[in-house]
Amino acid sequence: MARFAVLQLLLPLAAGLTGASFPAQIPTILEEPDTPHYAVHHTVVSASSLSESLKFYVDGLGLDIIRNYNFQGDLTTLFGTNTSVLPGYFLGDTTSVYNGTDGVIYLVEFPDAKKIPTDESDPPNTGLFLTSFWMGDKLNATLDRLDRLGMGGKPHIATFSFGSEPLATYATVRDPDGARVLLVSRPYINSIGKQRP
């Protein structure tokens, strides 16, 4: 069975709904990776301001801009929005083993998106709860960088253990639109103890 990202399947559909031509060459970020694996390809973050969110995710968290990509087609049918062009950026780690083809954030700005008010004391909402990033030994440096940028809010930090061994330190911060972001301090061990590639 082919391992296509959901967006790869949606692009031709969106183009077909409007009769628009589909690009002859799909950008690298949308191509199926050579290495067979199953993973979340990308998460879409709807930003009220692309520039502020780029500052948070790129300057603050240290993600790379993989490419600028404007999603075009019948977005009214697909997403219920009142536009046919969705400006955005694919963000991720261009040095990863999958060369930026998984674990990617697609940062977009809908012209008619509704801002959902959030408060630090609010309990979690249903639906997408947070986006998590492996930080390795860069957790403190990342939190310092966010503080210098005046972004992220007050971090909530906790260390968890597995028996007597520390497992990882976690910090939650907020992106410019209030979405929860979890920063994890140990990138080489996942929550069930398997080595990452």
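The backbone N, Cα and C atoms fix where each Cβ goes, glycine too.
Listed in Swiss-Prot:
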- ASN82: N-linked glycosylation site (CARBOHYD)
- ASN99: N-linked glycosylation site (CARBOHYD)
- ASN140: N-linked glycosylation site (CARBOHYD)
- 1-19: signal peptide (SIGNAL)
Length of the line joining the Cα atoms of ASN82 (N-linked glycosylation site) and ASN140 (N-linked glycosylation site), in Å:
41
Pick the one among the glycosylation sites ASN82, ASN140 whose Cβ has the fewest other Cβ atoms within 10 Å in this structure.
ASN82
